Each structure stands twice: as C-alpha cells, then as structure tokens.
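First comes the structure, then the notes that go with it.
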Amino acid sequence: MTGIQDIATPRRTKEIIQRHGFSFKKSLGQNFLIDQNILNKIVSAAGLDDTKGALEIGPGIGALTEKLAQSAKVVTAVEIDQRLLPILEEVLAPYEHVKVRHGDVLKLDLQEVFASDFAGVSKVSVVANLPYYVTTPILMRLLEDKLPLENIVVMIQKEVAERMAASPGTKDYGSLSIAVQYYSEPELVCIVPNTVFIPQPNVESAVIRLRVRETPPVEVVDEKHFFEVIHAAFAQRRKTISNNLKSRFFTKENRDALEPLLQQAGIEPSRRGETLSIEEFARLSAVLLEAGIS
Ligand code: SAM
C-alpha cells in the first residue's frame with residue numbers, strides 16, 4: 001500500500017527533523033530508516049494482516065510505524081525519548097489504531113501491554129529497528145517472558161544476527177545462539193547497507209526473523225540449570241567441555257565424577273562447548289541434575 005506521507009525518504013525525514021529542531025542522540029541508538037524498500041521487506045517478513053497486532057520498540061519519527069499502521073489491525077509503539085512524542089503525534093495523526101507509549105521497553109510491564117492493547121487481535125509480532133546498544137537484553141526479555149508472540153522481526157547488528165542464527169561447530173555459535181534457538185527459529189532476512197540510515201551506524205546491519213516456538217525443541221528439566229551449564233561450557237571457548245564444567249560445578253574432591261557423567265550423556269569429554277547441540281546440552285543438564293550437580 002502506498003503511504004499517505006512516506007516518512008522514510010531522506011527529504012521528508014530531514015524536513016521533519018529540522019522543523020522540530022530534533023538532534024540525534026547516539027546514546028539512544030538513534031539511526032533512522034530512510035529507505036522504503038527495506039521497510040517493506042521488514043513489514044512483509046512479519047506476515048501481518050488486518051487481524052493481527054504489531055509491537056514496535058523505538059519508533060523514532062515513525063518511519064516503520066507508518067508502514068505497520070498500514071498492515072496491522074493495532075499497533076503499539078514504545079519510545080523512550082520524550083522529544084520524539086510531539087513528532088509522533090503529528091506524523092501518526094491519520095492512524096487512530098496506533099498507540100504510542102512513552103518509556104523504556106526494558107522497564108515496561110509487557111504482560112499488561114498485551115492484555116490492554118492487544119486484547120482484540122489474533123496474533124502479535126514485534127517489529128523494530130532496534131537501538132543496537134540494548135539489542136540482546138530486549139530480545140532475551142521478549143523471549144524469556146514467554147509472551148504470546150508469532151514473529152519477532154528486527155533490524156540488528158549483522159554480527160549479532162549471525163550469532164543468533166549460527167549452527168553448532170561454527171565460530172559464531174555460542175550461548176546466545178542456543179538461547180535464541182531454544183525459544184525461536186531464527187532466519188536471516190537480509191543484510192542491509194549503511195546508506196539506508198541517517199545518521200549511518202558504524203557497524204553493519206541485518207534483518208532477522210525469529211519465529212517464536214510454542215514449545216521448546218527439546219525437553220528441559222530445569223531451564224535455569226540448563227542455561228547455567230551452557231554458560232559454563234562457553235566460559236573459555238578454547239577449553240574442553242570437561243575443563244569448563246570442572247571449573248564451574250566441581251571441586252578437587254569430586255571432579256573425577258564428571259567424565260563418567262559426560263559419557264552417560266553421550267558426550268566425549270575432549271569436545272569443546274561450541275560443538276554441542278541443544279539436544280546434547282539438554283541431556284547433559286539432565287544427567288548432572290540427576291547426580292545432584294548444580
Ligand atoms: N524505528 C525508527 C526508524 O527505523 O527510523 C527508529 C529506530 S532507532 C534505531 C531506535 C529507536 O529506539 C530510537 O527512536 C530510540 O530513541 C529508541 N530507544 C532507545 N532505547 C530505547 C528503550 N530502552 N526503550 C524504548 N525505545 C528506545
């Protein structure tokens with residue numbers, strides 16, 4: 001659908017910013033999108049329709065919000081920077097089904113937002129060009145809170161997107177890959193050139209889609225313990241799984257107990273954490289728990 005205003009063009013963005021005397025705050029990760037093609041790719045990856053809702057984090061001056069308003073039944077956008085509120089009020093005036101909330105998304109009660117803003121929609125997706133300084137905390141909070149989400153489609157730093165989508169045995173694979181893949185199925189949508197933003201960020205960017213899982217891909221007895229084992233396994237990447245686990249969970253007195261437990265889980269003690277699949281970590285955590293190691 002063609003926008004009423006098409007905020008995301010270099011000319012219109014500069015005009016809005018100048019008229020409101022707005023200056024970018026680097027500390028808030030403010031890199032605004034000025035490219036219609038990228039916005040259309042982001043919105044189409046979210047699979048929205050007029051029965052669904054969209055939650056946007058950091059609307060800026062509304063470039064993506066406008067597109068979401070044209071594709072979803074209801075849109076809620078959470079913006080931390082108070083200076084952007086009058087701009088958003090102006091540019092989003094034609095869209096009555098868009099609500100802007102002022103605040104830090106990390107401090108917001110998202111369960112309450114879902115109950116009040118998205119009561120009348122079939123499914124909700126998060127769609128955002130995220131502030132890069134808080135990408136991981138925001139995404140982990142969305143996933144760990146087990147919100148009823150369909151997709152999370154976000155522009156993030158390319159390197160972080162690659163880590164999230166990485167497979168075992170690759171250099172990018174680590175605790176972030178496993179955490180994200182436990183809660184969702186990640187898929188890289190596209191790599192994005194720096195020229196689509198003002199100001200241009202110093203890092204490369206990518207759009208990633210996380211299809212949120214209804215149930216995890218493996219059975220985990222105790223999630224807290226499972227993630228502790230994973231963090232321990234990657235504490236020192238060059239060390240073997242055996243040495244990393246010894247440092248975290250064992251004492252001099254009981255460390256001989258580890259190798260038989262690894263064997264029981266079907267894991268060779270000389271392997272490194274980066275070669276273990278999610279299934280293997282789940283098995284390892286269960287075996288350690290059963291032996292009272294936590
Ligand atoms: N969506 C706009 C676009 O694509 O042009 C702006 C994206 S810009 C990369 C990130 C936005 O997130 C900024 O508007 C910034 O003020 C806002 N922001 C930064 N930290 C935030 C937080 N903790 N909670 C909510 N919004 C935040």
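Each Cβ is built from the backbone N, Cα and C atoms, and glycine gets one as well.
TrEMBL entries are annotated by machine, without manual review.
In the three-state DSSP scheme, Leu33 (S-adenosyl-L-methionine binding site) is classed as strand. Positions annotated as S-adenosyl-L-methionine binding site by TrEMBL: Asn31, Leu33, Gly58, Glu79, Asp104, Asn129.
Residues or ranges marked as domain 'Ribosomal RNA adenine methylase transferase N-terminal' in TrEMBL: 38-214.
Confidence in the domain 'Ribosomal RNA adenine methylase transferase N-terminal' (38-214), given as mean pLDDT, stands at 97. Neighbour density around each Cβ, counted as other Cβ atoms within 10 Å, peaks among the binding-site residues Asn31, Asn129 at Asn129. Same-chain residues at least 6 positions away in sequence with a Cβ under 8 Å from that of Leu33 (S-adenosyl-L-methionine binding site) are, in sequence order, Ala8, Leu39, Gly60, Ala63, Leu64, Asn129, Met155, Val196, Phe197. Other C-beta atoms found within 10 angstroms of the C-beta of Glu79 (S-adenosyl-L-methionine binding site) number 25, with every protein chain shown included. Look at Asp104 (S-adenosyl-L-methionine binding site): DSSP puts it in coil.
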